[in-house]
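Quick one: this structure, given as structure tokens, is what I'll be asking you about.
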Amino acid sequence: MTQKLQMADRFDASAVEQALYNHWEQKGYFKPSYDAGRPSYSIAIPPPNVTGSLHMGHAFQQTLMDTLIRYHRMQGDNTLWQAGTDHAGIATQMVVERKIAAEENKTRHDYGREAFIEKIWDWKAYSGGTISQQMRRLGNSIDWERERFTMDEGLSEAVKEVFVRLHEEGLIYRGKRLVNWDPKLHTAISDLEVENKESKGSLWHFRYPLAKGAKTAEGLDYLVVATTRPETVLGDTAVAVHPEDERYQSLIGKTVVLPLANREIPIVADEYVDREFGTGVVKITPAHDFNDYEVGKRHNLPMVNVMTFNADIREEAEIIGTDGQPLTTYEAEIPQDYRGLERFAARKKVVADFDSLGLLEKIQPHDLKVPYGDRGGVPIEPMLTDQWYVSVKPLAETAIKAVEEGEIQFVPKQYENLYYSWMRDIQDWCISRQLWWGHRIPAWYDEQGNVYVGRSEEEVRSKNGLNSSVALRQDEDVLDTWFSSALWTFSTLGWPQQTKELAMFHPTNVLITGFDIIFFWVARMIMMTMHFIKDENGKPQVPFKTVYVTGLIRDEQGQKMSKSKGNVIDPLDMIDGIDLESLLAKRTGNMMQPQLAEKIAKATKKEFPEGIQPHGTDALRFTLSALASTGRDINWDMKRLEGYRNFCNKLWNASRFVLTNDKLDLSTGERELSLADKWIQAEFNKTVQNFRNALDQYRFDLAATELYEFTWNQFCDWYLELTKPVFANGTDAQIRAASFTLVNVLEKLLRLAHPLIPFITEEIWQKVKDFAGVEGETIMTQPFPAFDEALVNDEAVAQISWIKEVITAVRNIRAESNIAPSKGLDLLLRNLPDTEQKTLENNRTLMQIMAKLDSVKVLAQDEEAPLSVAKLVGSAELLVPMAGFINKDTELARLNKEIEKLIGEVKRIEGKLGNEAFVAKAPEAVIAKEREKMQDYQEGLEKLRAQYLSIENL
């Protein structure tokens, strides 16, 4: 029985992918089975911010996650990929504030809190939908009915529950402390949201008069204090010297008069002071500097806050003791002339006033790092504010132990050290933010300022016996976005309820994330999860067993992708394509720095003169997997993307060759397996083993290489060719065997490839399954190929390997000698071992057809051979007589010309690379390209010289 199928000339990704995905989703193939008898496998997606669209980093990480989910689903595991989005407090509020400012010329205050939050929910509905659709285009096999948002009702309940319990345990407290304050966004931000920028500044040297007639060792009646922040002078509460600095030892415990404010402040000794910095005397301003804050605590200094939340000088100083309570016994009046001044205007005035008083010693240029808020984009101010904190040290101990004892493993392992360094030096976590968008802090205040924490106002009243006559107001602040994200693995599964999902899918198996949020998110998830989730024996549960840390995706030059550089590539543009005009509009529109638009447009036109061609999702996924070397950053390469699109086409064409073959015979008669049939089964079996080992160790790059190597170099380039003589001249039994092997290896290959390239494999599998006698609705629930000891066949692999080497050697001789493929050659073999002689006898006809040989002869040891081109294969010498095929002199002249040309190219590049100025100035990528060219030219030169010698010896 022969079978034949009609198949399109090429795979049309744009026509197939979305239709296939819709079919999968409608059929419910992505849902977990909830079969308790199966092993569970789950991944919680790092929730993308609801603020915008997916970028290459998302596409990269989600491709790896989906690969693992599909791989485990095909192994029969009960799989859950828990997806969702993050409310992203500051980022989302900023986006919507900018939107209403641009479109309506309004601020959030014009709307009021409730109406503004409604605006954000509208934005979330729009933006969240965009992200979900983009994730579908990537082929992500997510159970969309379980999609979550960090401010869903269920997750909000979990957040309140955690806050209340931690507060009851004394691990959440409210206190006045120094925080990073963003004066533009009016909120506290974490250290990790602060970007230190190099800046050319000044170091001002001010004279602080000594009080009560004191003098320095040199007889001066003042100390010179060096500072980079004159605007905070009014908040000084001490000056400090190093306790071992002999210049000032006699002055320790005495006082200076603070200029402008005219109050006495002490001279304290503290090892924090660097004797080499400035004069070795520094001013201490505990309310406006983190180091000074610590010095102030050590010396019990008052904290004088002279700035408003706008970073203007206050009308009246706020004076706080080291216990965080108001201090009424200390006086620090702000002079009238400074009140209400913007901070940098105040700086100028302070310097001018010191100068006019004769107290400005000198000004020095000084390089410094200025801390900026990464979202607000303005210098942050250390600010004394009332904030909520989590005391994390007790939580950190358990989390450190989990990694030390191997309950959680980092891949690559080096990231464990980064984790430990953060966790062993952990500070209390400021969890309150002065925003409107987010989880509102579940705390209420009465008119006397008493604080009540509870899950709701009703609970607070009931628990504390507060009737309706007691007025309560809820805390205005919201929680840090990372607080709710830290609960992600268990809150999405229904906690605090004890759901079947929580029992079945927690802990999750792996977290795939970037190194930049190991502390922001990973560490906090470990701490929170282990504190709240316990197994049946009361042992803390980890949120995940493995943390796979990815590198960054950079552009082809190794630059980080960013809007300001104009080098961002949208993953969907590589899938669907984009014309140049639209690409330019995307890269240069809505820029924070519009002056860069022209430069970006020029670079884009050079890189993508025709825009970006469509490549389809499978090609993008395969490229991302192939580039995923463990933990390393990836330099994006469009040529690799094109190459892997060609790979997908190769798989399609190979399938088309098999399924449209007129001679294909899958009838039930006798089958006589050829050497090639046994070989391809053994090779595929080995590929399955290597592929599975690679994925089990998160080596997506090695898995992709295995798949590519087998599909292109073994199945397509060799096995399909080796079957052609069988279909042309074989017996019925041999044709049936080749047909059976072709179809069955192809069907298994599609299953092997499915986790990486789901669309094309499903499309082909739907056509091949009937040929292979396989039942099932979809490839994604078919069993994943397993290694089979019975298919190991080292003998067949060795024999075909030798046959391939001989055929390749003959083909190389033909190409090197410019002999047309239509001309038959004779092959002489000398020193042929017995095993290879036997292989030759059994496969002589096949080898003659494949290498286009008229004859094959084994020479005796002492038998003379005519003038021939020779190659070695193992210990055997291959000789192809050249008489009548080439004109020796003409061929040598041609080769000599080619050799001279390459020598010239090598010298040119040697000159470039030997030029120190070029090497110093040229980008690394350009130098690497030149070295690569040099290697190619040198290898080419070697081959040409070898050809020259071969022909010269004829």
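Using N, Cα and C of the backbone, Cβ positions are placed for all residues, glycine too.
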Looking at 85-89, 465-469, 560-564, which one does Swiss-Prot call motif ''KMSKS' region'?
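Checked against Swiss-Prot: motif ''KMSKS' region' maps to 560-564.
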Quick one: which of 48-58, 70-80, 147-157, 928-938 does Swiss-Prot have down as motif ''HIGH' region'?
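When 48-58, 70-80, 147-157, 928-938 are checked in Swiss-Prot, motif ''HIGH' region' belongs to 48-58.
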If H, G and I count as helix, E and B as strand, and all else as coil, what does DSSP give for Lys563 (ATP binding site)?
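DSSP call for Lys563 (ATP binding site): coil, neither helix nor strand.
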Using a Cβ-Cβ cut-off of under 8 Å, list the residues of the same chain that are 6+ residues beyond the ends of the motif ''HIGH' region' (48-58) and lie near it.
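For the motif ''HIGH' region' (48-58), the nonlocal Cβ contacts are 85-88, 91-92, 95, 123-124, 127-128, 130-131, 134-135, 138, 149, 514, 550, 552-553, 561, 568-572, 636.
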Could you tell me how many residues in the motif ''HIGH' region' (48-58) are helical, how many are strand and how many are coil under DSSP?
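Taking the motif ''HIGH' region' (48-58) as a whole: 3 helix, 1 strand, 7 coil.
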Enter the number of other CB atoms within 10 angstroms of the CB of Lys563 (ATP binding site).
17
